[in-house]
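*Asks:* Before I ask anything, let me first share the structure, which is written out below as structure tokens.
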């Protein structure tokens with residue numbers, strides 16, 4: 001007995017020793033692993049941001065001094081010359097009137113541009129309503145029994161020839177037809193409640209094969225063959241969202257005193273809705289806007305009939321929601337719809353910018369001299385158009401002028417009479433200059449080779465008389481509140497950004513120096529550099545998001561740049 005107790009005691013001691021040994025070894029291994037865990041390199045966003053690889057300055061950053069600048073006024077299809085105030089050889093000062101325009105045509109174009117913007121806004125509203133429906137759509141499992149399979153199943157205890165399905169049961173009336181061949185009621189598409197109505201009305205089937213125009217030219221053909229241009233039978237045209245009507249067409253309608261109606265659809269390919277219509281009255285020269293787009297009546301909520309008291313021992317199969325969509329289908333459709341809304345928003349902003357230019361045309365019916373000098377030539381409007389020469393050309397006296405450029409996005413911020421600063425690249429001296437004119441068309445020579453999507457519009461500024469500047473000298477131009485590049489914007493190369501479904505994220509150094517996932521909002525994509533709109537600051541430190549050690553909670557090591565591959 002004593003011997004057995006000794007053995008048990010000895011075995012217990014050995015067991016405890018083994019446990020202690022295992023714990024010690026295990027702890028050592030874990031400690032060693034922690035000790036040997038490789039830190040992930042992180043670098044400040046400020047050192048990794050490349051500004052998108054291009055300048056986003058509001059002012060074109062290079063100009064040349066010109067001695068005796070000139071002013072040329074060319075023919076404009078949307079403006080008809082009403083009166084010319086000068087003749088060849090006349091001396092003019094800055095601000096003297098040169099030519100007056102009849103802005104009727106430009107006014108029509110202005111109103112049509114407003115209609116275009118309204119159409120885009122209605123389309124955005126439609127798309128947002130459909131997006132909301134998608135987000136609230138029924139979600140079903142990826143694998144479901146089809147309704148056809150369910151309809152092949154005969155309920156237990158029913159008479160031969162009567163087939164019960166979940167849909168039939170759901171839609172059965174209060175007095176069900178018990179004949180041998182009952183009519184199957186249709187399943188309501190959304191028994192839980194009515195869908196939100198879209199703006200507009202259904203696209204007519206008979207117009208399916210008709211041309212939908214993105215631009216209405218003088219050669220465009222109306223889709224109604226019996227149209228004669230009268231108020232009773234106007235010419236009708238199908239238009240895509242954002243469609244334009246050119247000046248030649250408008251002149252033609254004004255000359256013929258014809259009435260035409262433009263029916264705007266929801267999309268150019270396979271349209272489903274007529275959003276609204278607007279009218280151009282060639283007799284009065286007016287654009288008649290629709291007061292309210294037609295909207296379909298809100299459908300009544302379908303009634304769900306009571307379940308029959310005795311379905312004959314029917315055992316309802318579990319069909320699931322076969323009329324819904326899978327999670328993957330929903331995510332894909334939501335992504336497509338969100339992209340569509342972004343594209344429409346871009347169309348809207350572009351149209352709004354074009355409207356601002358038209359506003360300027362309409363409001364500035366009189367063109368004034370931007371230079372002090374002599375009228376070199378005055379041509380007939382038709383002659384100038386055919387020979388592509390200026391209608392009026394003014395040669396300036398000796399003096400310093402600079403031709404600067406304003407970015408398209410800031411076009412409406414620059415005004416005539418504003419003061420700008422001109423800095424010589426040779427001496428570093430700065431001088432004040434006054435803006436005398438702003439052009440209506442972008443200049444190709446000012447287009448950035450790094451960012452061809454950025455357009456600049458020319459403006460002329462007169463430099464103060466005692467400026468020590470020479471003709472041809474390079475200068476930079478700055479305007480308070482406008483100048484400046486993308487120094488505060490964050491642009492990261494695509495490889496530093498990962499995606500999680502529809503969301504983008506980076507890995508950054510977080511609390512206690514450990515790596516954490518940071519979701520970000522992205523913007524423009526310029527040559528592989530992605531704009532970070534929100535979620536990161538210049539002070540944050542990010543990691544290259546790939547590798548065995550890159551995971552949340554990993555140790556980090558700060559370096560100057562992640563481009564050091566040594």
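The count begins at 1 with the first shown residue.
Using the three backbone atoms N, Cα and C, a Cβ is placed for every residue, glycine included.
According to TrEMBL, the coiled coil annotation covers 98-144. According to TrEMBL, the feature compositional bias 'Basic and acidic residues' maps to 324-340. Taken from TrEMBL, the feature domain 'YknX-like barrel-sandwich hybrid' covers 72-394. TrEMBL lists 146-204, 284-340 with the feature region 'Disordered'. Residues or ranges marked as transmembrane segment by TrEMBL: 12-33.
Describe the structural context of each listed feature in the structure shown, including burial, neighbouring residues and relevant distances.
*Replies:* Looking just at the coiled coil (98-144), the mean pLDDT is 79.
Residues 127, 130-131, 134-135, 137-142, 501-502 of the same chain sit 6 or more residues outside the compositional bias 'Basic and acidic residues' (324-340) yet have a Cβ under 8 Å from a Cβ within it.
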*Asks:* With DSSP, how much of the compositional bias 'Basic and acidic residues' (324-340) is helix, how much strand and how much coil, in residues?
*Replies:* 14 helix, 1 strand, 2 coil
